[in-house]
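S.K.: As annotated by TrEMBL, substrate binding site applies to B:T153, B:K179, B:T190, B:E277, B:N401, B:T406. Under the heading active site, nucleophile, TrEMBL lists B:T190.
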Number of protein chains: 2
Amino acid sequence: MAVGLQEFPSIPEIKGVNIGYAEASIKKANKKDVVVFELCEGAAVAGVFTQNAFCAAPVRLCQKHLATTDARYLLINTGNANAGTGKSGMENALLTCNALAQSVGVPVEAVLPFSTGVIGEPLPADKIVAAIPAALSSLTGDNWRAAGVGIMTTDTLPKGSVRHFEFDGRSYTVAGISKGAGMIRPNMATMLGYVFSDIAMDKGVLQAILKEVVNKSFNRITVDSDTSTNDSCVAVATGGAGNELVTDIGSPLAQAFIVAFTQVMQELAHAIVRDGEGATKFVTVEVKGAKLESDATKVAFEVAHSPLVKTALFASDPNWGRILAVVGRAGVAELDVDKVQLHINSFEIARDGCRSPGYLEEHGQEAMAPAEIHIQIDLGAGEASDTVWTTDFSHEYVTINADYRT
Amino acid sequence: MAVGLQEFPSIPEIKGVNIGYAEASIKKANKKDVVVFELCEGAAVAGVFTQNAFCAAPVRLCQKHLATTDARYLLINTGNANAGTGKSGMENALLTCNALAQSVGVPVEAVLPFSTGVIGEPLPADKIVAAIPAALSSLTGDNWRAAGVGIMTTDTLPKGSVRHFEFDGRSYTVAGISKGAGMIRPNMATMLGYVFSDIAMDKGVLQAILKEVVNKSFNRITVDSDTSTNDSCVAVATGGAGNELVTDIGSPLAQAFIVAFTQVMQELAHAIVRDGEGATKFVTVEVKGAKLESDATKVAFEVAHSPLVKTALFASDPNWGRILAVVGRAGVAELDVDKVQLHINSFEIARDGCRSPGYLEEHGQEAMAPAEIHIQIDLGAGEASDTVWTTDFSHEYVTINADYRT
């Protein structure tokens, strides 16, 4: 029951990117659960990863490989996270990378592994190895939708986004896919996100842009406050567009790229929220008037995580007092509650820290009714702001997560 | 569906305490929703209150009155929290205190007001004022159970606790009541808790003991991570036992009192968790082997708040990888995940950061089956520890909080 999630878009081939997939039946039979991206020689690859100390073996291996050499292959499986698996987890991740590297004749460091699924169970590396030949033989430039489907776990729909832009007479494309629906509170990365462009760009510049944009997209979404062990987000610039290499983040072309890249990253991040486990609402929590941006971020996340706010959203119940209660406990120093204002969609709900003079229960009900909810909190203390996107909390969420392993 | 919650105990009269109650029909008709405690002259009264910046009008008035004079009356209503109600909220709280003070001929500062219920709606002060005569006329020493029932909101059972101890040939009693089932993550206090003893004790000593013990009882429970605007916990020492006034927290009598007082406070705190909204499990999260106590506290609360852990507990599903994932994201500096151990009830689940060698799925299932779950996490980094008590996350929680105002 995804909220306002668009159909998977039509994504054209991006010169320098081929996509393959195969059925390894890791957790369930007849599921195409292995995806391979093949990148052209010379493509710049940047990555950001989970800050969870219990990060998965593939995450640690990715970071190691990325630091060593240019990546040529991304190898992704769903159904098993290969996290909390200790030394043998690392051996298994390496084993799958080796199998792919040997098939295609690249060094093992040129393969980046990604896993998502159940935590703590041994990775069935043999199943993945067995599926690699089929994945390689299916490599083409237009398998975007199959890749989007191939990386799904509890997602109900595949998630993709694409933007085109022109600069100096040349056309560029930015496109990507993502997955994730639960255990979503990315910290420096997302569940799994892959964004590709045909722009030619220095790896360091791409890494800097990725790090900045992730903080306004994937790092500002939350479904259930649980940061995954496997969050990974990768950006690839193949150079297929034929432009002169971008080496300056301040250059006009880099800025044009950032606009398109941010749109793709935000759309992919929002897609994860719209498909959040059990979601019936897509909720934007905007906090402004903060003294510090960190205050705005903190309040926005606390509101987005509150089970009481989320269950009221599920019920479309204008129990807005719960929102004020969260603002009050969020730990903002020297908060003057008598200056707090609250809007929901276009309705003024609270002014000067209490119910607005003209407020009627009907207003609250009308404000809370739509599937798209914009909560706007003004702390009345300064100029800083931040925005977080989240979902409500429904029976379906409990059902999905109580039954996850069955 | 409270978990292992005992019947309300038989609490004897405590010399110096009378209890009355009445029906004000604040939120629902035919509910005895106003409770009055009358304290003897000279009773020492201590209080701790919510740290929520949006604290309710009665909380602010309580703090002011407590600082001014010795309290003689506690006036408690359910059905309306009188929080997020601005200036008129304060006027309403004062109005109810004045009505009681004038009826009995004490200064208004001798009345402490407490409210709990919906946030943001105006307090129907007239209903409370109208109920005061009936509450006063019912004052007796043995209305403990009626008081426990009178302060309930979404609680399914009244909560009480009592301990007796002997010291130097004299008998003492410590008894109290509490309420709360949702919006439970007390910070420096509890939803509502009232503990009384006949000991004679200096007010400053009582306040110091209350502050210390609240950190090992009410401040270590969580149902849904939402700190209420109205948390209040009050301790009263009437002096009815006839002992020489306790003025030294280190004295043997003070220490004997602390033992009984801690037992009563923990039992009342646990009762709130056992009756947590939708609870089907009573969960003890013990973190040991931490370098700092603050690390242990942080990890314990993060585990206790994780919706993924809580839904797995609801399903009795040994999806213990979710617990490791929380440990990893809890923000412990320099955490060595390869030293982390996990026990659930008597089963060793994870050792050296991954699944224990002898672990079988059946062990996990057996560990997660009972209604009482003890999660023990050893960080392997030092000697500090802390314990938090919580519940699981069920469909019933969503139902209760989606329908709260209807």
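Backbone N, Cα and C define each Cβ position, glycine as well.
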S.K.: According to DSSP, folded down to helix, strand and coil, what is B:T153 (substrate binding site)?
M.R.: coil
S.K.: Does DSSP put B:K179 (substrate binding site) in a helix, in a strand, or in coil?
M.R.: strand
S.K.: By the criterion CB under 8 A from chain A, which of the binding-site residues B:T153, B:E277, B:N401 would you report?
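M.R.: Near chain A, the qualifying binding-site residues are B:N401.
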S.K.: Which of these binding-site residues has the least crowded Cβ, counting other Cβ atoms within 10 Å: B:T153, B:K179, B:E277, B:N401?
M.R.: B:T153
S.K.: Look up B:N401 (substrate binding site) in the DSSP assignment and reduce it to helix, strand or coil.
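M.R.: Once the DSSP labels are grouped into three classes, B:N401 (substrate binding site) ends up as helix.
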